[in-house]
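Q: To start, I am sharing the structure in question, which I have written as structure tokens.
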Amino acid sequence: MLTGSIVALVTPMDKTGEIDFLTLKQLVEFHIKSGTAAIVAVGTSGESATLDVDTHAKVVIKALEFADGRIPIIAGNGANSTSEAVLLSKRFADSGIIAGLNVTPYYNKPTQEGLFQHFKAIAESCDLPQILYNVPGRTSVDMLPETVARLSKIKNIIGIKEATGDLNRLADIKALVADDFALYSGDDATGCDFLLQGGHGVISVTTNIAPVEMAKMCEYALSGQADLAKKIDNQLAPVHKYLFIESNPIPVKWACAEMGLLPSADCRLPLMMLDKKYQPIVRNALIEAKLIS
């Protein structure tokens, strides 16, 4: 089972919205050298919603090519259309991608049975292992623990990224699934506690800018060294908070640019660059977290 700090990687872009593949390569190298356990390419932080299917697939495959077997790549392959999610999964099957990360369908708000049938169809479409992704704050639909438990019995569904930030939800899911079902936090602010309470990893926005610190925090938490894990988590608390002062990935792309990790903080419309009134707040968070001076 994959454990530890998994980066929800930003997708570098220029001012016209074109993908900056040179910087993407540099980011992959950065995470390999920093001890990140795996990379999620083109998830929420990678602006999956504004990339067409071909561009989406190209970014994932390029990340895989740049990794060259040195770090596992997980493909963001969720969509609010089951057929599109199936199409992406089939593209990534047999590519070397270790799993697909599938968000609950957004906007169309399916029922729990609709969620079950959606993820079942994706899992049965090809041999690519699938990780569920529940983030009701962005999708307006909450996949309940009982639905997760049903899905966990399907062969190719190997885990969940749970981003409610509710630690009771972790306990509820953990009680219903097998021990080999991977439980990943999708909420940096509660990620440390999630691991200390039995989770296996964090799929993290903060890891974009603090990969070494997040890797150590996860290592300590997973080995039961709570005091050491909490010390790092407390250090990073300002960025856990203020990387969400506007919609993700707007603040983290700005922070990456501020730290010299991206040449540009540009996003694709309808996302904009971080509002100027928030830039000093994010900069101060980086200083408080000892990521810049």
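In case you wondered, yes, glycine gets a Cβ from its N, Cα and C as well.
The feature active site, proton donor/acceptor is assigned by Swiss-Prot to TYR133, with sequence analysis given as support. Annotation source Swiss-Prot lists active site, schiff-base intermediate with substrate at LYS161. Feature annotation from Swiss-Prot assigns pyruvate binding site to SER45, ILE203. Among the features that Swiss-Prot reports, site 'Part of a proton relay during catalysis' is placed at THR44, TYR107.
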Q: TYR133 (active site, proton donor/acceptor) has how many other Cβ neighbours within 10 Å of its own Cβ?
A: 27
Q: Have a look at the recorded positions THR44, TYR107, LYS161, ILE203 and say which one has the shortest Cα distance to the residue listed as 'active site, proton donor/acceptor'.
A: LYS161
Q: Sorry to bug you, but what's the C-alpha spacing from ILE203 (pyruvate binding site) to THR44 (site 'Part of a proton relay during catalysis'), rounded to the closest Å?
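A: About 11 Å separate the Cα atoms of these two residues.
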Q: Taking the Cβ of SER45 (pyruvate binding site) as the centre, how many other Cβ atoms fall within a 10 Å radius?
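A: Within a 10 Å radius of the Cβ of SER45 (pyruvate binding site) lie 24 other Cβ atoms.
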Q: Taking the Cα atoms as reference points, how far is TYR107 (site 'Part of a proton relay during catalysis') from SER45 (pyruvate binding site) in Å?
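A: Distance (Cα to Cα, whole Å): 18 Å.
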Q: Can you tell me the three-state DSSP label for LYS161 (active site, schiff-base intermediate with substrate)?
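A: LYS161 (active site, schiff-base intermediate with substrate) sits in a strand per DSSP.
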Q: To the nearest Å, how far is the Cα of ILE203 (pyruvate binding site) from the Cα of LYS161 (active site, schiff-base intermediate with substrate)?
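A: It is 7 Å, counting Cα to Cα.
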Q: Least buried of the recorded positions THR44, TYR107, LYS161, ILE203, going by other Cβ atoms within 10 Å?
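A: Across THR44, TYR107, LYS161, ILE203, these recorded positions, the one with fewest Cβ atoms within 10 Å is TYR107.
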